[in-house]
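What TrEMBL says about this protein:
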TRANSMEM  20-41  transmembrane segment
TRANSMEM  53-76  transmembrane segment
TRANSMEM  97-118  transmembrane segment
TRANSMEM  148-173  transmembrane segment
TRANSMEM  185-208  transmembrane segment
TRANSMEM  235-254  transmembrane segment
Amino acid sequence: MLEKIQKAITIRSSTIRELLAEALGMFILMVFGLSSVAQVVLGRGDFGQHLSINLAFGIGVTLGIHAAGGISGAHLNGAITLTQCILGNLPWRKLPAYLIGQFLGSFTAAATVFGLYYDALYDFTKGNFTVTGPTATASIFCTYPAPYVSLLGGFFTEFMATVMLLLGILTIYDEKNNGALKGTQPLLTGILVLGIGLGMGMNTGYAINPSRDLPPRIFTAIAGWGMEVFTAGDHWWWVPLTAPVLGSLVGTLIHKLFIDIHNQPVLESGNEKEQPTVESS
């Protein structure tokens, strides 16, 4: 009976399987990340600090990659997916499936964290969900610039943080260079995200991912924060969508110009030292 049920519900379309993998990986990433922010904000600093948020996002990235990596490659980032399509590493016909999966995972994670901390949210805000002010809670779910950050400064922060993200990822997964050992890439990618948060998280909260920022923002607009989530920070919402895409493209270009195109695989011969081979997941 169980075998028949399993056979009946098994999805044979590779595209749908990739959509589901991206959704689950993104859900895991975002539940860890958003719940850590909620705990810090609603706990008024008694249940964590900036470091705990960075650690939680790093753990979420690691586990999300383990969950989806073998099926979809675990992009978990719309900017990375678009870059892979531009480079020809992913068929354009699969772009909608990846983006939909990432959106569903991120949106559902925001709803889950909202439900998990609803009582604390209500107690903290007295039922008045605001985007700015002393009891602002919208930043639990999506990013907003610090009050001192200009729109241009915030854009540059997100751009550079995503450049560093791509440089790190391409280095970790570079089989022709000193790439990471198979099985360690998810952990190192999580550490990479932790490092970005520790070094470049103060100005904007380091969205570095359209799929991390837009779905929870839409959720907050629906769940009680209103359309101010799109107008706050001088209409900040479009920056986490565009800056990571440009940063992803530039980071990939830099890696290709400085490393990839000059580092062709060495052909093995009797007079040449055998090169170790590192497989990526």
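Including glycine, each Cβ sits where the backbone N, Cα and C put it.
Curation does not apply to TrEMBL; its annotations are automatic.
Between the transmembrane segment (148-173) and the transmembrane segment (185-208) there are at least 3 Cβ pairs closer than 8 Å, counting only pairs 6 or more residues apart in sequence, which means the two stretches are in contact.
Spatially, the transmembrane segment (97-118) is adjacent to the transmembrane segment (53-76); three or more Cβ-Cβ distances between them are under 8 Å for residues at least 6 apart in sequence. Across 20-41, 53-76, 235-254, stretch 53-76 shows the highest tally of CB pairs under 8 A with the transmembrane segment (185-208).
Here the transmembrane segment (235-254) has Cβ contacts under 8 Å with residues 77-80, 82-83, 86-87, 142-145, 151, 154-156, 158-167, 170, 204, 207-210, 212-214, 217, 229 of the same chain, all six or more residues outside its ends.
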